[in-house]
Amino acid sequence: AVYTPSKRMRIMTSALSHTSSGSFLVDSSKVTSQSVIPVPVLEGPPALAQPDWGHLCDDDNSMEGMSMSQLKEYAKRMKGDLRNAKQQISARDGIIEASHATLVVQNLFVQKQSQALNAKENKKKTSRAKLSMEGRGRHLTGEEWMRKPTEAVHAREEEAADKKKRAEDREVAKATKARPAVEWEKMKEDHLKLVEDWTTECERQTAAGVKKKNLPKKPTQPLKPKAPVVTPVADNSDGAESSSEEE
């Protein structure tokens with residue numbers, strides 16, 4: 001079978017699942033602050049014999065005058081240089097493969113961390129009332145204790161009403177900020193229509209012999225309306241801010 005990247009990934013995943021330090025990366029368990037991955041090992045080129053790169057500059061015509069024994073010796077040196085080059089390439093390929101494996105492991109770890117953060121950030125709030133003892137004893141049939149569930153319901157209703165009001169205030173502020181732009185576009189359209197009518201009238205009067213100084217005055221360009229002053233409205237649900245029109 002062809003050794004494809006997907007097959008290599010499956011083999012690596014299977015190998016990780018059987019290790020004590022990397023199994024959490026491929027199983028369904030959640031990552032915690034105690035979950036760590038091995039520190040990456042930074043490798044440099046190994047101390048291996050180098051090929052004689054000077055042979056690349058050899059003149060091809062220089063071999064024409066060599067004897068049989070000289071050619072055999074030259075070929076022997078070439079074979080040794082090729083062997084050294086193969087060792088260098090194999091060593092570097094191993095370093096590159098190890099570096100890629102380290103990046104894959106780090107990426108898996110980042111994905112697990114992202115899942116944990118996403119679950120924490122999007123944790124749903126419970127609607128159940130939490131009744132606190134406040135560090136003291138309570139009679140379950142006591143009047144103060146019996147009022148707590150009702151107070152919790154009222155608190156949730158007030159929070160929902162406040163959230164709805166903030167949303168309505170944001171919509172009002174949004175509409176208020178957009179209103180001047182809409183009005184300005186309408187004013188420009190009206191002014192353009194007045195200018196067209198003025199141009200037509202001037203052409204008609206000019207053709208009738210009216211002097212230029214007696215022609216109607218060109219319509220004045222309207223002033224752009226100012227945006228209303230708005231004040232920020234705090235959104236306690238997500239910490240964001242919106243705006244509403246200042247009274």
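From the backbone N, Cα and C atoms, a Cβ is placed for every residue, glycine too.
Taken straight from TrEMBL:
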type     : residues : note
REGION   : 146-178  : region 'Disordered'
REGION   : 203-247  : region 'Disordered'
COMPBIAS : 217-228  : compositional bias 'Low complexity'
- request: Would you mind splitting the region 'Disordered' (146-178) into helix, strand and coil residue counts from DSSP?
  value: 33 helix, 0 strand, 0 coil
Task: Using DSSP, tally how many residues of the compositional bias 'Low complexity' (217-228) sit in helix, strand and coil.
output: 0 helix, 0 strand, 12 coil
